[in-house]
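Everything on this sheet refers to the single structure shown next.
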Amino acid sequence: MTKNCHNDYKMKFSVDDEYPDLTKHNNHMAKVLSKEIYGKLRSKSTPSGFTVDDVIQTGVDNPGHPFIMTVGCVAGDEESYEVFKDLLDPIISDRHGGYKPTDKHKTDLNFENLKGGDDLDPNYVLSSRVRTGRSIKGFTLPPHNSRGERRAIQNLSIEALSSLEGEFKGKYYPLDGMTDAEQEQLIADHFLFDKPVSPLLTCAGMARDWPDARGIWHNDNKTFLVWVNEEDHLRVISMQKGGNMKEVFRRFCVGLQKIEEIFKKHNHGFMWNEHLGYILTCPSNLGTGLRGGVHVKLPKLSTHAKFEEILTRLRLQKRGTGGVDTASVGGVFDISNADRLGSSEVDQVQLVVDGVKLMVEMEKKLEKGESIDGMIPAQK
Amino acid sequence: MPFGNTHNQTKMKYSSEQEYPDLSKHNNHMAKVLTPAMYERLRSKQTPSGFTLDDVIQTGVDNPGHPFIMTVGCVAGDEETYEVFKDLLDPVIEDRHGGYKPTDKHKTDLNSGNLKGGDDLDPNYVLSSRVRTGRSIRGFSLPPHCSRGERRAVEKLSIEALASLSGDLKGKYYALKNMTDAEQQQLIDDHFLFDKPVSPLLLASGMARDWPDARGIWHNDNKTFLVWVNEEDHLRVISMQKGGNMKEVFTRFCTGLTKIESLFKERSHEFMWNEHLGYVLTCPSNLGTGLRAGVHVKLPNLSKNTKFEEVLKKLRLQKRGTGGVDTAAVGGVFDISNADRLGFSEVELVQMVVDGVKLLVDMEKRLEKGQSIDDLMPAQK
């Protein structure tokens with residue numbers, strides 16, 4: 001194991017001296033991290049040298065958020081989830097609806113198992129999107145990785161992606177080498193990601209060395225997109241205008257599996273295990289790492305007293321159209337699955353498809369001044 | 001997070017070339033000095049507390065340049081950084097501090113009696129006078145690297161030392177994390193309150209971690225002597241007052257600083273100092289005296305004169321906006337201070353400010369009357 005002399009140096013201070021002040025904090029990490037757990041974990045390091053202070057730094061620096069209950073901790077490598085399980089297992093359980101350390105996670109990327117989903121009303125459903133993340137085995141994660149590791153991930157990714165064909169044929173745009181014209185186009189297409197400004201991410205060290213080895217790949221059709229070295233090694237996104245979620249999901253599954261094959265050939269498969277599913281930087285994205293969602297017009301339903309309850313019962317969540325920490329604009333909401341771990345990809349996209357279909361019907365009823373009381377769903 | 005050698009051995013499996021940062025768009029002292037060969041030599045090293053080369057340079061990699069100032073682009077994580085990474089830091093120091101050589105010796109002089117004049121800068125022009133420096137407490141690592149335990153220990157020692165000051169130095173400590181709204185408002189009104197750094201130069205080096213834990217402000221009852229605890233350095237010591245009596249400001253500065261140092265020594269803690277680098281601080285730009293003595297001075301005419309920059313240079317002075325290091329001037333009022341830190345003593349630097357500002361004000365008065373300032377142009381100091 002790597003000798004972590006910085007961590008050893010800190011050990012000369014007592015647990016009391018080093019334990020963070022979490023009195024004003026409200027995030028998953030702060031709810032779970034007791035002095036006892038901190039005392040137990042503080043001397044440990046993963047093989048690559050990630051420590052408990054590294055895990056929790058973002059949660060210490062960011063006490064809370066107005067819109068969302070933040071996780072407040074990150075993994076620095078695959079082993080973090082094992083070495084720091086005393087902290088991460090309870091967080092995972094709290095965040096993922098009671099998921100137990102002994103539970104098994106099911107992966108199902110067979111798009112044919114999805115029922116329906118090709119007919120969401122495009123008058124209401126403006127766009128459909130499915131995203132996930134993938135981590136490449138053998139490298140540490142964005143909060144921790146070095147320039148050398150990040151560049152190796154980029155090189156592997158470029159190789160893998162440039163061998164895709166047919167509907168997946170595309171091009172890679174490194175962030176630090178794109179022309180102004182390319183940048184303008186990527187912004188216009190809503191593809192460009194920029195240096196993180198959210199302190200949730202910057203405090204975890206994910207923006208180091210920006211924009212070195214970061215980039216965007218997309219297919220010529222602009223319906224399949226991969227982000228390299230942003231919050232995860234890879235973020236894979238399938239999207240298109242309108243309500244044909246089935247098509248979006250098909251492309252997602254097919255593309256993802258092609259990419260995985262190529263990485264496996266280089267002996268760098270994706271991080272996955274049967275308990276946590278796909279391993280990602282943020283514990284909130286474990287399992288499928290999947291967020292399947294739509295931008296949908298729900299001006300009436302969103303102001304209805306039962307909106308939140310309906311979403312909860314459908315196992316869906318709402319966001320603004322700018323993404324995770326934004327507010328909605330003009331009655332258009334981003335509606336997506338709330339779950340990540342403990343149900344499969346197909347299960348989660350099915351929830352979105354069925355749930356959004358129902359909410360659009362409710363919206364139509366409310367437009368006509370009719371009641372939706374008879375349509376309130378049972379808890380899924 | 002990269003702070004510490006948490007990762008250094010693992011990174012060694014990548015070649016130096018694979019790890020070497022892309023500095024092609026960069027313009028800071030670190031980028032000017034660091035070469036692939038130097039990186040290769042230093043990348044396997046770490047200080048006893050685990051600070052590595054990548055930790056030293058991270059801020060310079062993440063911040064390619066700045067519109068107003070030539071940034072340093074590297075920081076120290078502990079006292080030993082300046083020794084372990086001397087191959088990088090000596091040239092940076094030389095470039096930044098006017099050719100200061102690795103063999104040069106630095107002179108410390110905190111005897112305010114040695115300052116000539118300085119009590120009569122024209123208050124119609126000189127609105128306020130201020131002297132600041134930093135001090136690091138030996139035995140602890142520095143803000144980019146220190147743990148919560150260390151930071152709290154530094155705070156505790158500081159509170160103890162400051163609480164025993166008396167006379168016109170008697171004062172009170174306000175911890176950032178539990179000050180009342182009223183206290184906070186007062187400190188803002190007095191221009192004393194420092195807040196969580198927003199400058200990416202500081203954030204990228206890790207100095208804002210765990211904010212506001214163990215950070216605080218101490219000031220005397222007269223509000224003329226102020227100590228910041230655990231901001232960019234362990235301690236920042238500031239003496240200030242309205243008007244142009246720099247001598248009084250400097251006298252209080254020296255007295256207070258010397259008193260604080262003896263209080264720390266009584267508790268078996270000294271300041272980091274050596275005869276080559278003087279006082280050791282987080283940023284290489286603050287080595288030596290760590291001293292910035294300056295005034296807020298009205299120079300609306302002179303500042304528009306084509307020779308303004310040249311005059312400042314000859315006087316070994318620099319200008320800043322009244323908001324501090326990375327700001328612009330407002331309403332013709334400039335912050336004028338010594339440009340040097342290392343290779344001159346405290347008395348010498350304050351002397352330059354006193355003499356220089358006196359001259360600048362004379363020039364301003366000439367220009368107000370529409371007269372020439374050609375005969376007043378100074379020689380290079």
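The chain as shown is numbered from 1 upward.
Even glycines carry a Cβ here, placed using N, Cα and C.
Look at TrEMBL and you will find B:1-18 tagged as compositional bias 'Polar residues'. Residues annotated as region 'Disordered' in TrEMBL: B:1-22. Feature annotation from TrEMBL assigns domain 'Phosphagen kinase N-terminal' to B:11-98. Under the heading domain 'Phosphagen kinase C-terminal', TrEMBL lists B:125-367. The feature ATP binding site is assigned by TrEMBL to B:128-132, B:HIS191, B:ARG236, B:292-296, B:320-325.
Recorded features from TrEMBL, shown on the structure.
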{"residue": "B:SER128", "record": "ATP binding site", "Cβ contacts under 8 Å, 6 or more apart": "B:MET240, B:GLN241, B:LYS242, B:GLY243, B:VAL295, B:HIS296"}
{"residue": "B:VAL131", "record": "ATP binding site", "Cβ contacts under 8 Å, 6 or more apart": "B:ILE238, B:SER239, B:MET240, B:MET246, B:VAL249, B:PHE250, B:PHE253, B:LEU291, B:ARG292, B:ALA293, B:GLY294, B:VAL350"}
{"residue": "B:ARG236", "record": "ATP binding site", "Cβ contacts under 8 Å, 6 or more apart": "B:ARG132, B:THR133, B:GLY134, B:VAL227, B:TRP228"}
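Per DSSP, the secondary structure of the domain 'Phosphagen kinase N-terminal' (B:11-98) breaks down as 42 helix, 2 strand, 44 coil.
For B:GLY294 (ATP binding site), the number of other Cβ atoms no farther than 10 Å from its own Cβ, over all displayed protein chains, is 25. Mean model confidence of the domain 'Phosphagen kinase C-terminal' (B:125-367) amounts to 94 (pLDDT, 0 to 100 scale). Around the Cβ of B:ARG320 (ATP binding site), 20 further Cβ atoms fall within 10 Å across all displayed protein chains.
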